[in-house]
Amino acid sequence: MPTGTVARAWVLVLALWGAVAGGQNITARIGEPLMLSCKGAPKKPTQKLEWKLNTGRTEAWKVLSPQGDPWDSVARILPNGSLLLPAIGIVDEGTFRCRATNRLGKEVKSNYRVRVYQIPGKPEIVNPASELTANVPNKVGTCVSEGSYPAGTLSWHLDGKPLIPDGKGTVVKEETRRHPETGLFTLRSELTVTPAQGGTTPTYSCSFSLGLPRRRPLNTAPIQPRVREPLPPEGIQLLVEPEGGTVAPGGTVTLTCAISAQPPPQIHWIKDGTPLPLAPSPVLLLPEVGHEDEGIYSCVATHPSHGPQESPPVNIRVTETGDEGQAAGSVDGSGLGTLALALGILGGLGIAALLIGAILWRKRQPRLEERKAPESQEDEEERAELNQSEEAEMPENGAGGP
């Protein structure tokens, strides 16, 4: 065994002996050598001693003797009776016992409870916030520590003082994971706060503590996000597709609640005055719409600093294809229908008048022919008389000539 390794082991033993003298608890850093002394062991061979250990490497008590065995690479007994662990690990945590018989035949026992530790790297705040909004919850950042054993704890500080989570204005979400191969821990702590209006610029930091005596916490670099006043929300609008809210059975209706506010408010939906049991979302999708989906819909935007705000309602109706066309142009359709009805009535009256006129004309036609026949005969008689008078005058005119 190299001299340097033995020297470091003895230094560790001397450093820990003060803690062991009063009690039998020892803490050792992972990967470092550890030496445990056996009280009462004879300084000269042959000594009578026995080491027993119950650790993560054993299912029960393991007995070691000075003669050595295959466990020499893990733990072996030195000539002076001490037990050396060249590189202690997590699996070496447990109980170690030594029983020795001195020259006077008196039996002396030594008991040790060994714990190991590993100091992680310096913690850091990932995804730190550069700006916070007053009166609303804000995520400050996530404090991360990697490679610790045991797990340890993460703590947040505000302006140098411990920040105690209260579940309201200060919320901390913690997560602890253990590496399946090394057994070391990774800790994550997410801080969410609700800063007040008009306050000073806060300073946040995070620290890691292993929970061992004489071990100082490891601190992150501080962050100073500025606090701004929340923007009041603008008017809320409810958009519906298809436009007008009228859809055929089996169609799809999409309702979108539009509001401009920072941070974005939570959107809840109401139908016929009753809140719908849905998760907050700015979009409400109604697929395969049926008559049971008909009703008055509206959305409510809840902003932490400004209270709830409800949108104008929208009426969703389910109609057949023909009814849908009629409903889509209800004003124009009714006017055109009235005009068509009036034209139809007038056209019918005109046709009826023509038919009556034709019938009456046909009835009067024979009478007119009867009246015309006598008039023609009288004309012929008058014409004959005129011809005769003209013929009588012609001879008279001839007889009176020179």
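From the backbone N, Cα and C atoms, a Cβ is placed for every residue, glycine too.
Here the candidates are Cys38, Cys206, and Swiss-Prot names Cys206 as the disulfide partner of Cys143. Swiss-Prot records N-linked glycosylation site for one of Asn80, Asn387, namely Asn80. Residue annotated by Swiss-Prot as phosphoserine (from the set Ser145, Ser155, Ser205, Ser389): Ser389. According to Swiss-Prot, the listed position annotated as phosphoserine out of Ser305, Ser376 is Ser376.
In the disulfide annotation of Swiss-Prot, Cys38 is paired with Cys98 out of the candidates Cys98, Cys257. Under the three-state DSSP scheme, Cys206 (disulfide bond) falls in the strand class. Here the CA atom of Cys98 (disulfide bond) lies 15 Å from the CA atom of Asn25 (N-linked glycosylation site).
For the pair Cys143 (disulfide bond) and Asn80 (N-linked glycosylation site), the C-alpha distance works out to 48 angstrom. Cα distances from Asn80 (N-linked glycosylation site) to the disulfide-bonded residues Cys38, Cys98, Cys206 are smallest for Cys38.
Cys38 (disulfide bond) and Cys206 (disulfide bond) are 43 Å apart (CA-CA, integer value).
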